[in-house]
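These notes are about the structure you will find just below.
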Amino acid sequence: MRLLIPILIFALITTAVTWFYGRDDPDRWSVGGVWPLPKKIVYGSKNRTITYDKIGIDLGDKKDCDILLSMADNYMNKWLFPFPVEMKTGGTEDFIITVTVKDECPSGPPVHGASEEYLLRVSLTEAVINAQTVWGALRAMESLSHLVFYDHKSQEYQIRTVEIFDKPRFPVRGIMIDSSRHFLSVNVIKRQLEIMSMNKLNVLHWHLVDSESFPYTSVKFPELHGVGAYSPRHVYSREDIADVIAFARLRGIRVIPEFDLPGHTSSWRGRKGFLTECFDEKGVETFLPNLVDPMNEANFDFISEFLEEVTETFPDQFLHLGGDEVSDYIVECWERNKKIRKFMEEKGFGNDTVLLENYFFEKLYKIVENLKLKRKPIFWQEVFDNNIPDPNAVIHIWKGNTHEEIYEQVKNITSQNFPVIVSACWYLNYIKYGADWRDEIRGTAPSNSRYYYCDPTNFNGTVAQKELVWGGIAAIWGELVDNTNIEARLWPRASAAAERLWSPAEKTQRAEDAWPRMHELRCRLVSRGYRIQPNNNPDYCPFEFDEPPATKTEL
């Protein structure tokens with residue numbers, strides 16, 4: 001009876017903790033759980049012990065493919081055995097991961113709609129990956145790494161046996177970073193690309209420039225970054241950009257640049273005559289104009305030449321040209337500008353600044369159409385809401401205070417046969433105390449929480465409309481985000497969007513079912529050396545994150 005009393009007391013305490021936090025014990029997580037959840041997964045009943053000296057990867061006839069060689073190096077030397085434990089050797093038979101890819105090794109980055117489908121079978125003797133493309137093989141290898149866990153009782157690495165068939169639900173699954181409000185170093189961007197690949201995300205939307213700064217280095221127009229960058233150190237050279245694109249390619253990620261026009265352009269002031277003069281209500285000229293001058297015909301020649309350079313720098317077939325929040329600056333920069341008003345009268349626009357916007361956008365559409373390296377434009381949704389959109393455009397949705405309002409936006413735009421990308425569900429720069437990936441957080445717009453539950457096709461529309469939903473991009477705007485906090489603020493909150501955009505909707509209805517796998521994902525990424533914040537109330541990881549020793553930045 002004496003032994004029974006402490007056991008009962010412990011049970012009561014455990015129950016109280018569970019009730020207090022509304023969760024099970026903080027050490028509840030999956031073992032060898034795959035994130036995002038595969039389309040079909042069947043686990044075996046036994047696990048296999050693996051050691052780093054007895055495991056190998058056979059790339060078959062693709063042994064010279066740089067993408068697969070990089071993959072093999074990363075997983076063999078880092079990601080398969082991430083935990084800080086003494087590595088055992090010997091004692092097991094060789095375990096070979098055989099990778100078979102049908103298509104040839106591509107020389108460039110992935111293209112929109114490229115297959116990421118794969119088959120993965122792990123037995124007690126081997127692992128076999130089959131994929132149409134190298135991109136599918138990358139996704140399969142990441143899933144395989146999720147099957148590996150450290151058994152604390154036996155002090156061994158083990159891998160779960162499994163059969164997986166998997167492919168993404170949407171072709172566009174991304175992260176948007178903002179390097180204008182706060183400059184993000186190339187190394188920090190690369191770290192986010194690595195974590196993106198570990199969540200099977202495939203698009204980096206790079207919001208390069210905005211009103212605050214112009215860190216993009218233009219060879220043809222050096223006055224842009226010369227005047228618009230925060231300092232000569234806060235710029236991305238052509239080599240930096242090529243480095244990011246190459247790094248992303250090896251991880252199956254496309255890089256889509258954004259150059260927002262005609263608003264958010266104060267940092268373009270190095271180009272004389274590019275911006276309109278803006279005035280306050282007393283008619284006094286303001287210090288920082290923020291709209292392109294549509295009267296100056298030379299500005300369109302400049303935009304054409306500048307975008308030609310951009311397309312030579314960024315190989316992706318899409319080009320994001322912004323178009324948002326023009327109305328924020330219209331009164332100050334167009335309506336109060338006497339020259340603009342006279343120009344509008346001459347063009348027959350009267351006082352309708354929407355017609356002036358359309359005039360600008362129609363010229364921009366023609367510029368894009370005539371680019372030597374063809375690109376499909378992406379615009380923020382105001383270009384659809386307020387203007388005459390380019391019939392070839394993709395519309396990027398960022399508005400809506402509730403999931404229902406967002407769904408209505410998607411329904412409206414797809415009804416006009418425009419493809420859409422949704423970001424409104426996942427504005428991760430908004431933070432509030434609580435587990436916002438799953439719960440509705442008071443004090444924020446409802447759309448700025450419950451990230452796991454926002455489904456871009458959850459509207460009453462036709463099959464054709466829902467096929468026009470290309471996916472989503474989780475956005476982290478940079479007003480209060482820089483190198484020091486972007487990683488923890490993004491992850492694992494962006495992982496909720498990653499599963500929503502990859503996994504079957506019918507299998508991912510409850511965050512309650514997902515959180516043990518997300519907890520294992522968080523701890524896995526922490527062990528890999530990333531700053532992944534807690535996401536499920538008080539808990540712990542077997543191996544906690546530890547900051548490396550500080551070093552003095554070279555001046």
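Quick reminder: no glycine exception, Cβ is built from N, Cα and C everywhere.
So that you can see what the record holds, here are the features copied from Swiss-Prot:
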type	residues	note
ACT_SITE	Glu325	active site, proton donor
CARBOHYD	Asn47	N-linked glycosylation site
CARBOHYD	Asn351	N-linked glycosylation site
CARBOHYD	Asn412	N-linked glycosylation site
CARBOHYD	Asn460	N-linked glycosylation site
SIGNAL	1-18	signal peptide
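Considering only the recorded positions Glu325, Asn351, Asn412, Asn460, the residue whose Cα is spatially closest to the Cα of Asn47 (N-linked glycosylation site) is Asn460. The Cβ of Asn460 (N-linked glycosylation site) has 8 other Cβ atoms within 10 Å, all protein chains considered.
Annotation note: Asn47 (N-linked glycosylation site) sits in a strand segment as assigned by DSSP. Residue environment of Glu325 (active site, proton donor) contains 15 other Cβ atoms, counted within 10 Å of its Cβ in all protein chains. When the alpha carbons of Asn460 (N-linked glycosylation site) and Asn412 (N-linked glycosylation site) are compared, the span between them is 11 angstrom. Take the glycosylation sites Asn47, Asn351, Asn412: by the count of other Cβ atoms within 10 Å of each Cβ, the lowest one is Asn351. Rounded to a whole value, the Cα-Cα separation of Asn412 (N-linked glycosylation site) and the residue listed as 'active site, proton donor' is 20 Å.
In the three-state DSSP assignment, the secondary structure recorded for Asn351 (N-linked glycosylation site) is coil. Glu325 (active site, proton donor) is 19 Å away from Asn351 (N-linked glycosylation site) when you measure Cα to Cα.
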